[in-house]
Amino acid sequence: MKYLAFAAGLITSAAGQMAAAETPVLTVYTYDSFVSDWGPGPAIEKAFEADCGCDLKFVAAGDGAALLARLRLEGARSEADVVLGLDTNLTAAARDTGLFAPVEVAAEYTLPLEWSDSTFIPYDWGYFAFVQNRDLVAPHSFRELADSDLKIVIQDPRSSTPGLGLLMWVKAAYGDEAPAIWAGLSDNIVTVTKGWSEAYGLFLDGEADMVLSYTTSPAYHLIAEEDDSKTTALFDEGHYMQVEVAGKLAASDQPELADRFLQFMVTDAFQSVIPTANWMYPAVTPAAGLPKGFETLTQPKTALLFPSDEAAALRDPALAEWLAALSR
Amino acid sequence: MARRAQPLSPALGVVAALGVAVLILGALAAVFWRAEAGRGLGPADWQAVRFTVVQAALSAGVSVGFALPVARALARRRFPGRAALIALMGAPFILPVIVAVLGLLAVFGRSGWISQGLSLIGLPPLRIYGLHGVVLAHVFFNLPLATRLILQGWQEIPAERFRLAAQLGAGPGAIWRLLEWPMLRRTAPGALAVIFAICLTSFAVALTLGGGPRATTVELAIYQAFRFDFDLARAALLSVLQIVLTGVAAALALRAAMGEGFGVGLDRAIRRWDAQGWVLKGQDGLAIALAALFLLLPLAAIATEGVAGLIALPASVWGAALNSLLIAAGSTAILLLIALPMAVAVALMRHPGWVEGAGLLGMAVSPLVIGTGAFIVIYPVADPAALALPVTALVNALMALPFALRILVPRARAVIGDFGRLALSLNMGRRAFVRLVLWPRMRPQIGFAAGLAAALSMGDLGVIALFADQEVATLPLQIYRLMGAYRMEAAAGAALLLLTLSVLLFWLFDRGGRRHAEA
């Protein structure tokens, strides 16, 4: 009997090793801050690996724009099965590469707008907004901001995703009047930075009264630092949205696993990590609701967002207007 | 005329230069090869070229202009803490851009220390944003480098020359005309060229302190072409433009750098009998104090901001610091292997222009383009993430190469010029010459170059961002990641750690090189 049990043990452990050798690997390309220790990556990896019988591997590549550039460099030979972290300003270009496959995910999105994209699924979103100290009298529109003496820091739309978001915000709110708004804002803009981090750092160091960020930014200070001194200005013309999406690569060698991961992305296990790790709104509000503190955030009355192909078409002319207005 | 016989041959250096040129131009060619037809250069690009050249020329001119009195003062004076000051002054050069900019603005910004001081006496805050802000920041980065390069020129004048000058009763004016000015004509153009080249590829500094899209540089256009338009042809084309600009600047500088060396000395400690007057002492003291204040205040700001965050650094920051140290060590080794033979080759060759030019390529080509090129080449044969550390070390070495050559070449030229024939007459072989003559006489320069390369590699974001994955990160990359996740305090702590490690590394190499020199 002893020998039998020993033999059985040998066999099962060998089988176990074989299973380990064949554990499928799902490769997910995403941006830097998603996978860092303090981002949502580690918790999500643990939750998904708990019952997928697979190895979830995150590969980080800069930010959303760098992510798409890397995919285009690698083409159809890319290791990536899923890409997580593009936004609606990039999805048109991403779709045009022909690298993405259609996906079907069943979800009750709690986005302020109807979602009808068959290639990319949203996993979180936020409103762009100007962050300021609570004691500052906030402007209620771009016009009021332009007429005030307030100093703002913004990001360059040529190198930064929020910068591009602001460009779209002004365009969505003012259309053909956008150049006039930019001309009015030009004396409020202290400087334009390469990326979000520089701008936010400058604001925290007191270089400007306001910085372009998200309505959810004060939640970080409130929840992680117990500091309620930051808030965002509510603009009457509405706030432009950033919707972050994921998609499946057509050349994936793990298409079923990729589908499973995309479906997992809209479950509570994924969505409940988002608010306090990515500091954005979850695309599907978890059953337990939003963390305490989120109810204090500014609630825009109007959500603005261009469909992705419109955003792609508007980008170059809007950029030219921006450059002309601010280069004077 | 036949070639002058020498104990060394330029062959190794020529091979190294060829290797460097192949690597960098190969990366550029790979980007072109992978590109689809793209947008050519438009009027906005030429405007960017104009701004880039103007700010780079101004920055180089002002840096070297201010470096003259500072280097002169440091050359003439000995005081306690001089070595520490010189080492610490190198720090701005090696900081990640974002950290340096925040430190600079903590002093010169709208709510910086100076503006706060001004408001106490009822004056408006400083207006830092604009072309002058860009130049200020670039001078902050490059004044230390210019000072060191020129100071080195001063230290290469043999002590006997100053002794002779003193015996002949030459005053400061005569010494300037006979010794210092000829030395500067040989050193300053090289310093100008290399600083011009660094400032050409500036992007985040120029944009942030330039105050908006008026301050668009060629590098920003490359970044935009790559990221938003994925127009590789355009990115590569703009990179060629950067090479041409650097090449023109280098050619002008090399043409201007003329004059013979000062010949051999007995390596006595330099004494300056000409600079004993109170006026000169005051002048020098003022130059040193102002430069120290200008360079050290922003560093102090970074240190004060960082202390709080240093205590609670996440574990991943320490791992990243280790990666950075590894890269720095690798990068320094690679640099010395390339730079020493190249410096010898330049010293030996009658027309070394192209070797020096190959050395400048690493500075002239946008890191983004080199990184992308390397990625395109590596991707089909290996996993880029697995090669992230070696590739980063190599690219960092290539970027430090122009500085290393500026430091090594004048000395190599002098040593070979002064001792080459003597060595030949003694029938000294190649090895013996390197061991007995070249190495001991070049040790301070090798130490300085190695220290600079190590520190530069520590602070550079380089190409790692393109290659890194979850596990592999460097300290600068981790700082950006922390900042990107609102963790400004931790980021400031990590920045202080980086600053400390870089200065320490620089000091170790630099000090090691000068152990015997400089009483």
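Keep in mind that glycine also has a Cβ here, set from the backbone N, Cα and C atoms.
Annotated domain 'ABC transmembrane type-1' per TrEMBL: B:49-249 (among others), in sequence order.
What TrEMBL lists as domain 'ABC transmembrane type-1' is B:321-509 (among others).
The transmembrane segment feature in TrEMBL is assigned to B:12-33 (among others). Same-chain neighbours of the transmembrane segment (B:12-33): 232-233, 235-236, 239-240, 337-338, 341-346, 348, 354-355, 358-359, 361-362, 365, 369-370, 372-374, 376-377, 394, 398, 401, counting only residues six or more beyond its ends whose CB sits under 8 Å from a CB of the stretch.
As annotated by TrEMBL, transmembrane segment applies to B:53-71 (among others). With a threshold of 8 Å between CB atoms, the same-chain residues lying at least 6 positions outside the transmembrane segment (B:53-71) that come near it are 131, 134-135, 138-139, 142-143, 145-151, 153-154, 184, 188, 191-193, 195-197, 199-200, 202, 206, 210, 215, 217, 245, 283-284, 287-288, 291.
For B:83-108 (among others), the entry in TrEMBL reads transmembrane segment.
Listed by sequence, the residues of this chain that lie at least six past the ends of the transmembrane segment (B:128-151) yet keep a Cβ under 8 A from its Cβ atoms are 54-56, 58-60, 62-64, 66-68, 70-71, 74-75, 86, 89-93, 100-101, 104-105, 108-110, 112, 184, 187-188, 190-191, 194-195, 198-199, 202, 205-206, 209-212, 215, 291, 294-295, 298, 403, 406-407, 448, 452. For B:128-151 (among others), the entry in TrEMBL reads transmembrane segment.
According to TrEMBL, the feature transmembrane segment maps to B:191-212 (among others).
The transmembrane segment feature in TrEMBL is assigned to B:232-254 (among others).
If you look up TrEMBL, you'll see B:286-313 (among others) marked as transmembrane segment.
For the transmembrane segment (B:325-348), the residues of the chain that approach it from at least six positions outside its boundaries are 6, 8-17, 19-20, 355-356, 358-359, 389-390, 392-394, 396-397, 400-401, 404-405, 408-409, 411-413, 415-417, 438, 446, 449-450, 453-455, 457-458, 464, 474, 501, 505, 509, judged by C-beta separation under 8 angstroms. Here TrEMBL flags B:325-348 (among others) as transmembrane segment.
Through the fold, the transmembrane segment (B:360-381) approaches residues 20-21, 24-31, 33-34, 193-194, 197-198, 200-201, 219, 222-223, 226, 232, 235-236, 238-239, 242-243, 245-247, 250, 387, 391, 395, 397-402, 460, 462-463, 465-467 of its own chain, all at least 6 residues removed from its boundaries and within a Cβ separation under 8 Å. The transmembrane segment annotation in TrEMBL covers B:360-381 (among others).
Residues 20, 23-24, 145, 149, 152, 190-191, 194, 197, 323, 326-328, 330-332, 334-336, 338-340, 342-343, 346-347, 356, 359-363, 367, 370-371, 374, 378, 442, 445-446, 448-449, 452-453, 456-457, 460, 462-464, 467-469, 472, 474 of the same chain lie 6+ residues outside the transmembrane segment (B:387-409) yet bring a C-beta within less than 8 angstroms of a C-beta in it. The feature transmembrane segment is assigned by TrEMBL to B:387-409 (among others).
Residues or ranges marked as transmembrane segment in TrEMBL: B:446-468 (among others).
What TrEMBL records for B:488-509 (among others) is transmembrane segment.
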Answer yes if the transmembrane segment (B:83-108) and the transmembrane segment (B:286-313) have at least three CB pairs under 8 Å among residue pairs 6 or more apart in sequence, and no otherwise.
-> yes
Who are the chain neighbours of the transmembrane segment (B:232-254) in space, where the CB to CB distance is under 8 Å and they lie at least 6 residues beyond its ends?
-> 28, 31-32, 34-41, 45, 49, 52-53, 189-190, 192-193, 196-197, 200-201, 218-219, 221-222, 225-226, 353, 356-357, 360-361, 363-366, 368-369, 372
